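Copied over from TrEMBL, here are the features:
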COMPBIAS  91-109  compositional bias 'Polar residues'
COMPBIAS  120-132  compositional bias 'Basic residues'
COMPBIAS  135-147  compositional bias 'Polar residues'
COMPBIAS  490-506  compositional bias 'Basic and acidic residues'
DOMAIN    181-320  domain 'Potassium channel inwardly rectifying transmembrane'
DOMAIN    327-496  domain 'Inward rectifier potassium channel C-terminal'
TRANSMEM  215-241  transmembrane segment
TRANSMEM  292-315  transmembrane segment
Amino acid sequence: MDPPSVSAAPRLSWDHPENCVPSSQPTACYQQFAKEALVSSVAKIRRATFLTHMNGTNWPPPPQDEAAPPSLSPLSEISVILGDQSTLQTPDVLSQPVSDLSRQGSGQTIVDPLDVSKPQRPRRSRRMKRFSSRWQSRGSNGSNSVPAPTLDKLTKRKHCKLLGDQSLIQVSNSNQRQRYVTKDGKCQVNLGPIAEKRRFLSDIFTTLVDLKYRWFLLVFSLCYVLTWVAFGLIYFLGAWIRDDIAHYGDPQWEPCFEKVNSFLSALLLSLESQRTIGYGSRMVTAHCPEGVILLMVQSIVGSIIDALMVGCMFVKISRPQQRAQTLIFSKHCVICERDDNLCMLFRIGDLRESHMVDAKIRVKLIKSRQTKEGEFIPLEQSEINVGYETGGDRLLLVEPQTITHIINDTSPFWEVGAERLRKETFEIIVILEGIVEASGMTCQARTSYTEDEVLWGHRFESCISLEKEAFRVDHSAFDKTFEVQMSPESAKERSDRERKSSVSSQ
């Protein structure tokens with residue numbers, strides 16, 4: 001006996017499974033029930049995933065007496081949400097994507113859920129995966145060991161993204177701050193809009209030399225082409241005004257510009273005259289003085305352009321900026337004890353056999369501070385003494401040199417110890433200047449060290465060894481350091497302790 005047909009079945013839900021009334025198709029009721037159950041479960045999973053990443057905890061939490069499973073498929077996640085009721089459904093139906101179940105209303109065939117001979121592979125919906133990974137911060141490993149302040153900041157930023165404010169999202173792999181000077185010596189300062197750009201034209205030579213090569217070559221070419229075209233146009237107008245073009249080929253006519261009957265021929269006359277090619281057929285005759293004066297003006301203008309462009313090209317090619325590529329600095333700056341003094345050390349070296357002449361070293365400290373009156377001074381520059389009084393700043397850069405800054409009461413690091421060094425924010429700029437031996441031009445090389453690149457309680461390894469009749473430099477040990485046992489006290493604390501010990505001994 002066939003079961004009675006139902007015209008309109010009520011909406012199915014997990015709470016009222018008895019509403020499912022068999023219809024003419026044996027699996028139609030079951031498929032409709034499974035579809036609505038899966039849609040409801042996916043919505044719960046998405047909501048739970050959102051709350052999980054917002055709170056920085058894994059969801060669902062594993063039981064206390066059992067180990068957490070390595071991964072949860074969509075079926076297992078639904079089972080966790082629905083509890084015992086999820087056992088009413090067949091796993092293969094729940095593992096189907098929502099898009100497959102939504103096709104049953106359009107007349108497409110749906111796989112019979114009772115057929116378990118070919119179990120489907122459970123997989124997470126791609127859309128749901130993108131949604132869940134969108135809220136996970138970069139570098140997160142899924143652990144719960146997140147500090148409370150960091151968690152609050154991340155939660156606040158994610159709330160901002162939920163509200164649509166994309167400008168407030170600043171999630172990055174690391175908290176690296178902006179450097180003032182990069183390790184290769186480039187200054188990270190962008191000049192704002194300059195109103196008086198005519199100042200650059202007053203120093204046209206430096207402006208041309210500072211141009212990039214593509215723009216410099218464009219200006220170089222345009223200077224010649226424009227002068228050729230300009231004087232060619234003047235030659236053509238002169239020939240047209242004097243009727244040389246109308247009487248072209250007339251043996252009785254005395255032209256001012258020989259063999260000029262079009263603009264192209266006038267352009268060839270301008271090119272041949274300025275570049276002194278002189279093929280012999282096209283020329284300025286002596287029948288018009290204005291043609292001779294025009295030729296003299298063009299020769300002077302061409303000489304000025306040659307001197308300017310060739311000079312700029314020579315200076316641009318011979319600039320000693322590339323010489324700085326063979327001047328190297330150590331990757332780190334170290335603080336250690338030397339001759340009972342707390343010192344800051346770093347290394348410099350030259351890779352070429354042609355040495356720098358009159359090499360000098362300067363060191364600057366870049367640090368923002370606030371005055372007693374409340375004024376904020378950004379990027380204040382202060383000097384770090386590396387031996388100005390004793391001549392230690394003048395170097396004979398034949399082998400790698402270790403530059404020493406003695407931390408005394410005049411040093412900006414007088415009150416900086418190992419603990420305070422981790423909390424400080426500063427940048428040390430090292431500037432090496434010298435004369436290139438080959439060209440005689442001044443060269444400058446720069447680098448910088450941030451507070452993270454200053455190692456407390458380290459020393460440099462030796463990179464000089466003695467060979468037969470010479471010394472050998474091992475550049476592989478140029479950046480190597482080793483740790484030494486040293487007190488974390490600052491130079492001021494050391495001085496106070498020694499003073500107290502001397503007083504107590506008396």
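In case you wondered, yes, glycine gets a Cβ from its N, Cα and C as well.
These figures come from a predicted structure and were not determined experimentally.
Same-chain residues lying 6 or more positions outside the transmembrane segment (292-315) and placing a CB less than 8 Å from one of its CB atoms are 205, 208-209, 216, 220, 223-224, 227, 231, 234-235, 238, 270, 273-275, 284, 286. Sorting each residue of the domain 'Potassium channel inwardly rectifying transmembrane' (181-320) by its DSSP state yields 82 helix, 6 strand, 52 coil.
When averaged over the domain 'Inward rectifier potassium channel C-terminal' (327-496), pLDDT in the model lands at 92.
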